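Trainee: Can you read through this structure? Questions will come right after.
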Amino acid sequence: MMNSTSIKPLRRSGTSIVAMKRLNNTSSFPLAQAPLSAVSAHSSAAKTKGGNQPSPTPNYIEFPTSPQPPEDHTGYHANHNGTIVHHTHSKHPLAEITLSELFTCSGCKEFGTGRRYACQDCDFQLHHFCALSPPSLKVHPFHGQHQLVFHAKPKQVKAGIAWPRCDVCCKSTKGFTFRCRVNSCNFQMHPCCAMLSTEIKFPNHPHLLKVLPPGNTLPGGAGGGNDQPGMVCSECKKKRSSGRVYSCTVCDYHLHALCAKSMINGLQEYGIKPPEKPNMLGTAARLASQVVIEFIGGLIEGFGEGVGEVLVQNIGRGRRSTNRRRIA
């Protein structure tokens, strides 16, 4: 049993060591109340910002889907001291904490900050919605025709080159995902995307936002009927060729589903922007060009000046022969 005076430091993946916040007169890490919907996730996290609020046991999370009883949430086991044992990390218990530093979720491999379930003995950390994800989602608004099943491991990489992509944000799925249970259907999404719904209230905008059908055009009025891929997101000020888009029901405001995730994973609340990952194709092209240049340079250096002189002499002989033919 841990006590409040002998807490080990918590190590965060990809960042420096951060000391875990000490808790007053507690023998374990108390847990904050879990959100009841995607909209309430932001407000619930705001209550715990900068510290942990005591709660006897972790509540299961209600994703925007048909109601599911608590006994259906079998991905974790709640201990009597408020910690949980997740089936993907059964060797150590996980405790819910709130820290403002950026971290990479060990489950879905995406960024997050604020509330998380963390292991005190190693670097394993999960978003709270990843840790408390149910084994399945029934009638989710983004894919109501089929049931979605939780998978701890991603699909196999396509042709050994590209990771499969989320059908909501269109980012790579490298870890936890909800995937359609129908073999002929390839729909999948991150747990964070599953916390979104077809209608959301984004904190930076006063009006209700509704998701647009994939690939459709905007109705007459807002947006002028432009195609979704050509719309500029009002948050990131960029265009995206893929991924779902939200549109305001009142004004000309558009929001990528990718940008909407910031209100779920804590980044918006703490004012953190995730670091941009380098373009892998561009990096590969630059490396290939450098290798070719160095290879040619090595050949020239290996041949030496003698080869260069022979090439110059041959070129000179060719020119003299051409001149003699013209004179003749």
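Yeah, the Cβs are placed from backbone N, Cα and C, and that goes for glycine too.
Checked TrEMBL, it gives:
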type	residues	note
REGION	42-82	region 'Disordered'
COMPBIAS	42-54	compositional bias 'Polar residues'
DOMAIN	88-131	domain 'DC1'
DOMAIN	204-260	domain 'DC1'
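Structural setting of the listed features?
Mentor: Note: the domain 'DC1' (88-131) comprises 4 helix, 23 strand, 17 coil (DSSP; helix = H, G, I, strand = E, B).
On the 0 to 100 pLDDT scale, the domain 'DC1' (204-260) averages 80 in the predicted structure.
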